[in-house]
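Please read the structure below before turning to the comments.
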Amino acid sequence: MPLIRPRSTAGIALITTLLLLYLWTSSTSSTLSTTPSSPPPVWRTPQYESYFWTTLPTNYPPKQIRPLPTTSPLKFPRIQAASPSESPEALKTRLQRQTAVKDVFSKCWASYKRHAWKADELAPVSGGQKNPFGGWAATLVDSLDTLYLMDMKPEFDEAVAAAASIDFTKTDLDEVNVFETTIRYLGGFLSAYDLSADARLLSKAVEVGEMLYHAFDTPNRMPITRWAIHAAMAGKKQVAPAGLLVAEIGSLSMEFTRLSMLTRDPKWFDAVQRITEGMAAQQNATALPGLWPLVVSAQDEIYSVGDTFTLGAMADSVYEYLPKMSALTGGQLPVYREMYEAAMATALKHNLFRPMTPSNQDILVAGTVKAADNGGGVKATLEPQGQHLVCFLGGLLTLGGKLFGRQQDLDAARRLVDGCVWTYKALPRGIMPETFYMLPCPSSTCAWDEASWKKGVLARAKDADKASDDADAIISRDRLPKGFTSIPDRRYILRPEAIESVFVSYRATANPSLMESAWEMFTAINATTSTRLANSAVWDVTRPIGEDPGMADSMESFWMGETLKYFYLVFAAWDDVSLDEWVFNTEAHPFRRLLP
Ligand SMILES: *[C@@H]1O[C@H](CO)[C@@H](O)[C@H](O)[C@H]1NC(C)=O
Ligand SMILES: *[C@@H]1O[C@H](CO)[C@@H](O)[C@H](O)[C@H]1NC(C)=O
């Protein structure tokens, strides 16, 4: 303003000061005289009071609400190793690799925006859209924290603005999966809020939380995991199911607890703590004490009847959330450590096996146990099936081993992570299939024995009713690499668990070979799954390079929410999302840990 002379500037400044002083004193005094309470919390938007899920009446209100714990948080041992030293060339390579991961993410994001904006998923071959998760923009919400961490500020701002308009009171789905909604949407919002402190994200987390809270509106306050949402909207009375997957009820704890920590409203914590109490009380009463069976009853609160015990699909995150709850709450709830230690003692003893490999690798794979009591005590039988999904276990045992000082967990973790890396390399495209069988070594020597392997192949083929008495013919027909006795599910669906464990293990050990393995996995995955628009799940990773692995035209939101985030973080600065300050939910959304 060049026309204003110095004196008049001073005059304007004086008037402004007086005006501000007046406004300040008048607002202060009016606050003091009328409302002595603190200002409303940041998440309580003007719409909150009239939000559908807030106002919908509750049929079975809880009689009492457990408060959040108030004891001082513990100081846990460090998880991350000291930052490794790095030559200028190594730095250059690392940053180039980080950029390469970001480039793949950016391409997928641009295509999602262009072809499937606010849909749950982009169809990465046809350019169409899919809405399997309520139609609430699952990919957008799952990607918020990745955008933030990759420093894509304009895209993040645009995504937050779009997320603010998602309407959680409408869906075309008949049945909502409460677990998936919790880990992807609630977890996505909480993490993006923890990272960015943008209040709009906490408001959205509360909206999702208010909706999900109605899935707990049953006589015993246990949740309905596959939830008929329109009946709930109509105010109908509901009961919890008698048969459900243990992972779907047992791994809601992190998100609900974080929501209570951030809002200071304990009702979500109370909802999940009731489940934890029941599971803790029955943990040692199962056929394989320490582990819970795959199927449990929420209606009767029975978590101990059943004969199948796995850390794989449909159970995995129950175990994952035990040490992670300890990390999240600063150890304020000792029950989680106790449950973790009891579970891992059993899993290490019964579920892990060393497979026979041509190079006699010292690796472990986690299988499934069938336990049955036919009178003379429980007999546990190992089913030596590996799953890509179980690769999370190496990262989990690393975390639990470090937090609670358990060397046996760290030893098993190293061999499990090596097992996942080995399995990637053993397949012709450098990618692990969804499921596979291997031959457990008969003894601790584990020397390669081609004849035993072929016998194992024949036995598996017989089990699968693909009878043949010629092992070589089966090996060639099914394209079985040496060591594998069967590969029932040949897909790779852009899963994160292997790189997740490599990332956690790398941060805990600073072992540079893990960073190299990560890069090999990334280039292999990118080479096989890239489409014109993005990346796609493929049908058959046993087909050699040069043949068509078969594009499935599917890109689940975890590709951008988890897989690419973990790849990126392997090549990030050492303290970028340090495991000593953050803990990841099962959808790779980092939450801030409660620290002393
Ligand atoms: C990923 O795949 C795309 C498509 O084939 C390719 O253009 C890109 O260079 C690849 N990136 C890396 C790091 O290999
Ligand atoms: C279950 O057994 C383990 C180990 O035997 C023990 O540490 C734990 O306290 C037991 N849990 C319960 C609830 O009794």
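Residue positions begin at 1 at the first shown residue.
Note that Cβ sites are derived from N, Cα and C of the backbone, with glycine treated the same way.
Sequence annotations record features per position, and here TrEMBL assigns active site, proton donor to E180, E434. Look at TrEMBL and you will find D316, E497 tagged as active site. According to TrEMBL, the Ca(2+) binding site annotation covers T586. Residues or ranges marked as disulfide bond in TrEMBL: C391-C420. For 1-29, the entry in TrEMBL reads signal peptide.
The structure, with features from TrEMBL marked on it.
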residue: E180; record: active site, proton donor; CB count, 10 Å: 17
residue: D316; record: active site; CB count, 10 Å: 23
residue: C391; record: disulfide bond; CB count, 10 Å: 28
residue: C420; record: disulfide bond; CB count, 10 Å: 29
residue: E434; record: active site, proton donor; CB count, 10 Å: 19
residue: E497; record: active site; CB count, 10 Å: 26
residue: T586; record: Ca(2+) binding site; CB count, 10 Å: 26
_Structural state of T586 (Ca(2+) binding site), classified by DSSP into three states_ = coil
*Euclidean distance between Cα atoms of E180 (active site, proton donor) and C391 (disulfide bond), Å*: 19
_Going by Cα-Cα distance, which of the recorded positions (D316, C420, E434, E497) sits nearest to E180 (active site, proton donor)?_
D316
*Among the recorded positions D316, C420, E434, report those whose Cα falls within 10 Å of that of E497 (active site); none is a fine answer.*
C420
